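Please read the structure below before turning to the comments.
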Number of protein chains: 2
Amino acid sequence: MSEKLDLNEIRQEITLLDQDLLALFAKRRALTLNVAKSKVQQIRPIRDQQREQELLIRLIKHGKTLGLDAHYVTSVFQTIIEDSVLNQQAYLQSLANPDIQVPTVSVAFLGDKGSYSFLASHRYFSRRAEKIIESGCQSFYDILQQVESGQVDYGMLPIENTSSGSINEVYDLLQHTNLSIVGEITQPIEHCLLTSVNTSLDKIKTIYAHGQPFAQCSNFLDKQSNIRIEYCDSTADAMAKVAELQDDTIAVIGSEEGGQLYQLHALEQSIANQTENHSRFILVARKAVDVAEQIPAKTAIILSTGQKAGALVECLLVLKDKGINMCKLESRPIQGRPWEEMFYIDVEANLKSFALQEAINEISPHTNFIKVLGCYPIEHISPTSVPSSEF
Amino acid sequence: MSEKLDLNEIRQEITLLDQDLLALFAKRRALTLNVAKSKVQQIRPIRDQQREQELLIRLIKHGKTLGLDAHYVTSVFQTIIEDSVLNQQAYLQSLANPDIQVPTVSVAFLGDKGSYSFLASHRYFSRRAEKIIESGCQSFYDILQQVESGQVDYGMLPIENTSSGSINEVYDLLQHTNLSIVGEITQPIEHCLLTSVNTSLDKIKTIYAHGQPFAQCSNFLDKQSNIRIEYCDSTADAMAKVAELQDDTIAVIGSEEGGQLYQLHALEQSIANQTENHSRFILVARKAVDVAEQIPAKTAIILSTGQKAGALVECLLVLKDKGINMCKLESRPIQGRPWEEMFYIDVEANLKSFALQEAINEISPHTNFIKVLGCYPIEHISPTSVPSSEF
C-alpha cells in the first residue's frame, strides 16, 4: 500500500474500488439466483444454515489472513446472505404465482410521502416491482376500501409495534374483510426531532406530532420545558407544515428518512423512550398467494369458539400435536357479542402442508367460526451465528 | 450469466467470488487508514456524514444499473462505512495513546467462556489486540479488584440493559474506585433455549437459568406448563452443566453464540419478552486515555450536591449554556448519607475541549463532590441515512 496521503487521490481510489464491489455483489446475486433455479428442480429448502455457518467460518479464517476482524466479516456477509435468501424467495414466489409478476404495482398506505407506511411499502416492493404507484390514505378503513374496490393492487397495514404493541384497529378491520394477507415486512421506526431551518433545541417553542410518535417520545418531551405540542392527523402532514413555515422555533417528530423528502433535517436523533422500535406491517390483496415449498411460510387464522369453556385450549393442543409452532396469539372482543372473543393466530407453517391442513380440519369442530386470513413467506431472515470460538 | 444449474459448480463460483470480495474489503480498509493518516495532518473530523450520504446515493444509483436494490446497497455499505470509521478511530486512538498499543491484553469479565461479558470483551478487542488473556470473575467487585491490583489490564462491566435498565450495583461500585472508564461497547443480547441433545419443547422438564435472563424471558416461561426452573449463579455455569448432563428433558437460557462453545444448540430462538435487547458495557483501566480530537467522545462525571435545593439544575444549566449534550443522567443514593444522592452524568464532549473544561470549573462550586470517571471514544456509529426519494 502506497503511503501517499492526498485525500482526494485516496478517495478516488476508494470510489473505483466501491464500483468493483458493486459489480461483485451483482454477480453474486445472479449466481445465487442460479442456486435457486437448481433448487426448483430438486425441491430443496432455500436455506441451509449449517452450510451458511461453514461458509462464514471459512470467510472469517480467510479474512483474518487479510487483517479483517471476525465481527466485520460476519456482519457484512450476513447482510449479503440475507439479500441472497430474500432474492431466492422472491424468485420462487414469482414462479409459484406467475400472475403477481408485474413491473408496476399500486399500493395504498397510511399518510403521505415520508410516512413509515410509505417507507415500508417502498422497501417491500424494492425487490419485487420496477415502479410503485402510491396512494396515501387517511385511515386504515380507506386502505381496505381501495384494495377491495380494485382501485389499487395492495394495501400496507401496520399490525404491531415493539413499543406500543398490537394495533387493535387493524385487527378489528381484518375480521370484516375478504382480502388476503400476502406478505409482511418489519420496518425500523426511529423518531427524530426535525426542523426546516438551522436552529437549536433551546429555541424550539412548538413541536408538531401525531399521537403515536408523541406517546412513544414522552420521556424526551417531558424534559423540554415551555414547549407547546400541536397534534396532527399524520406525521406527513406535520412535516409538510413545518417545511412550509421555515421557522426556527418549530419542530416536528418524524423519521429522518421521511423528513428528507421535505428538506427537513434532524436536530435530535433517537428521541423515543425505547431506542429499539420496529413496526411489523402486513400486505393485503384481493387474491391469496401460494407460498413455494422451499420457503418458510406463516399462516394467519382467525377463529371464535363461542362460550365453550376450554375450546381454545383444544385448538392449541391440536397445533402442538401436529408440531406446528404458534408465533402469535391475540384476542379481540367481537362487536355486539359481549363475552365472546375473536382469536388471531399466526403459525409458522405452509397452508398447503399436510400438517396444517389436518390441524385446521381437527380444529374446526371446536369453533363456531374459522377463517384463514392468508399464507405468506416469512420475511425475517434470522442471521446465521458463528461460534464465538471463531472470533 | 450461463444457465448451468449444477449446484456444486455454482457454489464453487460463489466461493471464488467471496474471496475476491474479502480481498477488496481488506484493500478498502487499508485505503481508509490512509484517509485517517491524512486527517491526522489536517485535524479534520473522522466522519463527514454529508460526504457519506453523497457516496451512498451514488452507489445506489450505480447499483440500480446493475439490478441491485437500494436497501441492499445501503445496508451493506453502511456496514462497510461503520468498519471504516471504527478502524480510523482505533488508529487515531493508538496515536493519541501510544502505550495502549500492545499485542496482548488481559481482561476480567463476569462469568465464564460464553457469557455476554465474554462476548463483549472479544468484540471490543477484536480490532485492537491480537491476543486476549481471559479472566472470568464471579462478581463485579472481583473484576474491579483484579484491575486495581494490576492482575489484569482491563475490566469489562455491563452498565445498562435496554430491557431491564441500569445496573445499579456497577454504578455503586464506580463511586469507590480509582479506575478510569476508557471505552464502551454495546452487545446485542439474544436469549435462546439451548439443549445439548436433539429434543423438542414439550419434552423439556427443567430449565437452568441465571436470574437476569430468567426475568427477561418471563412471558415465554409462563407459557410453559410443568417446567421446573433451576436458578444458577451464571449462564456459563448453567450451560456447562447442561452440556455435561446430555439429557433431552433439560434446557438452559443463554445466547446461541455462547452456547456453541459448549456444543449446545438452540431449540427456541428469541425467547425474551422484548425481542430487541442490548447491553451497554464499559471498559475500565488503571490509567485514563486521551481521546483524539477527530473522534466523537463521551465523558462520564459523578457529582453530589449535598442537600442544596436546585443545585443539580444549576449544574445542568451550565452544560446547556456551553452547548454540551447530556446523554445520560442517573442518580443513586449515597450509603450512610440518607437523602443525599450521587449523580452520574454522561456528556457528549471531549474532556480536553475548552467547553467541557470551562463547564466543569463552573459546575464545581455547586457541588460538594465532583469527579471525572473517564473520557472515551463513542463506539456507536450511527448509520448515515439516505432520503427515501432515492429508493
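Just so you know, glycine gets a Cβ as well, placed from its N, Cα and C.
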Identity of the substrate-site residue among B:ARG28, B:ARG58 (reference: B:ARG11, B:LYS39, B:ASP48, B:GLU52, B:SER84, B:GLN88, source: TrEMBL): B:ARG28
Per DSSP, three-state class assigned to B:LYS39 (substrate binding site): helix
Near-A candidates in B:ARG11, B:ASP48, B:GLU52, B:SER84, B:GLN88, the binding-site residues, by Cβ under 8 Å: B:ARG11
Maximal Cα-Cα distance (Å) across residues annotated as binding substrate, namely B:ARG11, B:ARG28, B:LYS39, B:ASP48, B:GLU52, B:SER84, B:GLN88: 42
Assigned conformation of B:ASP48 (substrate binding site) - DSSP reduced to three states: coil
Tally of residues which DSSP labels helix, strand or coil - the domain 'ACT' (B:300-377): 24 helix, 34 strand, 20 coil
PLDDT averaged over the residues of the domain 'Chorismate mutase' (B:1-92): 88
Residue among binding-site residues B:ARG11, B:LYS39 with least C-beta crowding, 10 angstrom cut-off: B:ARG11
